[in-house]
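Comments concern the structure below.
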Amino acid sequence: MNNNEKFIIGLGNPGKEYIQNRHNIGFLLLENFSEKYDSKFTLKNKLKSWYSEFKINNFTYRLFMPNTFMNNSGNAVRAIVDWYKIDLDRLFIIVDDIDLPLGKIRFRKKGSSGGHNGIKDIINKLQTENFNRIKIGIGSPPVNERKKTLNTISHVLGNISSKESLTLDRVYKKLIESLIELNDKNEDYIISELNSFHREENL
């Protein structure tokens, strides 16, 4: 990271009916982030996203919530990357992950989609797997082999419970602090710290 800008894109689905869905955890993190620093989101049609920016310690933070649906997230990410001519090491994608326990964080600098349709579309549109993604665990749906697909959909599109919110609030706090601290000198340390973080162990 050689520039004093960080580009953070949270994935989710637009629309009031999706606001509190587990699948919208990327949006929820960025809303917490912008609120903490008194910044508002405005719609930028050319970027296919809602956009917020603010400065902390000489760094400019540019936050984006795509107004495409999750499965078309790559359209917004491609528009953002092209407009700002972003080096991908300064880009951070925030997503939910059903394969991680609730509250677990996993930071990866590259890799496959892991079955996440939003990440899959970004890989397709950018034509590379080499970009940062920060996964937040939402836990797995109840096991029911006969209705596995249905259970997964209902789980990710289900609303976050009040108990889950208590867990995720601590995760948001940790991630926001880490994204602010992150720089080219401490990157490996921050990534390791995030990957070892689990809400239950840090109460």
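Using the three backbone atoms N, Cα and C, a Cβ is placed for every residue, glycine included.
According to Swiss-Prot, the protein has these features:
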type	residues	note
ACT_SITE	His23	active site, proton acceptor
BINDING	Tyr18, Phe69, Asn71, Asn117	tRNA binding site
SITE	Asn13	site 'Discriminates between blocked and unblocked aminoacyl-tRNA'
SITE	Asp96	site 'Stabilizes the basic form of H active site to accept a proton'
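What Swiss-Prot annotates, mapped onto the structure for a quick look.
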residue	record	Cβ contacts under 8 Å, 6 or more apart
Asn13	site 'Discriminates between blocked and unblocked aminoacyl-tRNA'	Asn21, His23, Asn24, Phe69, Met70
Tyr18	tRNA binding site	Gly12, Asn24, Leu157
Asn71	tRNA binding site	Asn117, Gly118, Asp121
Asp96	site 'Stabilizes the basic form of H active site to accept a proton'	Leu11, Arg22, His23, Asn24, Ile25, Gly26, His116, Lys135, Ile136, Gly137, Ile138, Val156
The one of His23, Phe69 whose CB sees the fewest other CB atoms within 10 Å, among these recorded positions: Phe69
